[in-house]
Amino acid sequence: MHFSVRLSLFLTLASSLPLVSAVPQHEDQAYTFSSSGRSATTDTDPALDVRQETLRTPSAWTRLRDSLVESVWGLPQRSEGCESRPRNRAKTVSRAPATLQARYGEDVVLRFTIKNQEEVKALVEASNILFLDVWGSHDDWVDIRLSRDVIPSLLGLLPPSLQTSHVPLIRDLAQTIYESYPKAGSAPPSQQGPTTRRFSPSASTSKSKPHEAKNIFFQDYQPLSVLLPWMRLLVSMFSSHTTLISVGTTAEGRDIPALRVGVHPTNNAQQAPRRRTIVISGGTHAREWISVSTVSYIAYSFITGYGKSKSITKLLEQFDYVFIPTVNPDGYAYTFSTDRLWRKNRQQTSLSFCPGIDLDHSWGYEWDGNATRSNPCSESYAGDQPFEAVEAREIASWARNEVTVNNVHFVAFVDLHSYSQQILYPYGHSCAHLPANLENLEELGAGLAKAIRKSSRENYDVKAACRGIVASCTGDKDADEPVTSSALERTAGSALDWFFHDLDVRFSYQIKLRDRGSYGFLLPREHIVPTGKEIYRAMVAMGKFLVSPHVLEEDIDGLRASEEPQDYDNDLEDGEDDKDEQDSTVFRAQADDLQS
């Protein structure tokens, strides 16, 4: 617009300014003025008049004037000086609701540093006396959750060396739990009002990078109501090599869903040979959300990698993989709806107010429930007899049926847990019994740890499960029976030992995932994809070892120590990134169709 026209408009506006006060205001906003210029209601605070004037809705004329000025001269550009800088505002953090405060408000998590066998024994005895929730442990530390008012009682039962060797790991447990819930609902539905959440790949913005599209599901922890439709969607899209199966029914009547992934020969002229099968499970303990997400990530990577990754294609031609994201659907659902730190299943016990059996202590081999038989309230309650836990009994029955009826040969079993970053092999019930293939277990375990380290530079320790709790705390690492016979976390009656001994699965492992830091079971969502990637790499390494054991060391040693951590896309052939992007687009489109 020409300058003379702008000047003319400006003069017109300027001449009209005295008329602004004459423009009628809304009756609710009318003001009367005294001769002094003050409001007629002189008994009010002058500052209140200023605030009221500031908050008044602009008149029609004022809005017209402002819009005309902006259309002619545009909005003023902020200078780069100090006045243009945004004000520093305190970051607002939503506080945990009252229901969470009531349940966890007085709880903390303490980390005790342990140095010798005597300290371990003292901590074991004290935790049993006070019925404490032992979160996790490693070679030189143990994490315990307890109420603040119980701390003096605990310290009173410990030797002086332990009374000063602890630090708070989580100071505000209620707030930390609140922040761990998915962003779409930062607390369980019972604590935040009704919400509707479902899997929606199309929810990503159009600006998302192509390789990010496939990780939409893994941007947060997903409840059971999202996990199940996601599994069905994968099967509908990749039906050539993926099947949705049920490996049992829970105590509350839910299916235990699993994905069977593999490419079977099409020639049925001869009877198919025994199908070698690898089982990867998670979610045995309900609160270990990262294990559920990691199994899902590995399943997704194998399913979508077929035909694009030479390694994955070969493995799926050689093996069937059975992915069980959550062995404990009832407990997992309960952690989203009611109690984030629930560990056991939801089965009724002899005490109606203490439901639940620890699924990883309920298996039949070397079951030892005598220590907790009289206390169903214990976090490690193993039931009154072997296989009393419904889910453990159902999965064991499914596995036996696969072997005897469906001509399946289980060659590996991997049970994912959290936390402490350990790769554990049999036996867990006792260090006095050594596996016949101990050397092979150690070799493959070391290979898995090396694959993880090359992928993400994270260190995972490899050891027998019986030593996985306090291996260096016995004073003698070569002792036949370290202080785990009455350990902080009992390992008798585990799925690890049952699959290895009773089902003769020669390569059985329990992997405790991230981290070793300050999060415990409340690992932030930002760790979902990195954890999934590193364990995916380990599972690829396991498959290669089972195909040809000598390949594993060559494969891993071929990676230079200076290499950057590898990404899934690096395993694709040239030109397949575009195909992956197309698959992601189709995946989102079909997801929308499925929901509609």
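Every residue gets a Cβ built from N, Cα and C, even glycine.
What Swiss-Prot says about this protein:
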- His285, Ala286, Arg287, Glu288, Arg343, Asp360, His361, Ser418, Tyr419: substrate binding site (BINDING)
- 188-207: compositional bias 'Polar residues' (COMPBIAS)
- 564-583: compositional bias 'Acidic residues' (COMPBIAS)
- 220-546: domain 'Peptidase M14' (DOMAIN)
- Asn370: N-linked glycosylation site (CARBOHYD)
- 181-210: region 'Disordered' (REGION)
- 557-596: region 'Disordered' (REGION)
- 1-22: signal peptide (SIGNAL)
Whole-number Å value for how far Asn370 (N-linked glycosylation site) lies from Arg287 (substrate binding site) (Cα to Cα): 25
Alpha-carbon distance [Asn370 (N-linked glycosylation site); His361 (substrate binding site)] in Å: 11
All-chain count of other Cβ atoms within 10 Å of Arg343 (substrate binding site): 23
Residue, out of the binding-site residues His285, Arg287, His361, whose Cβ gathers the largest set of other Cβ atoms within 10 Å: His361
The one of Asn370, Tyr419 whose CB sees the fewest other CB atoms within 10 Å, among these recorded positions: Asn370
Alpha-carbon spacing, Asn370 (N-linked glycosylation site) to Arg343 (substrate binding site), which is rounded to whole Å: 20
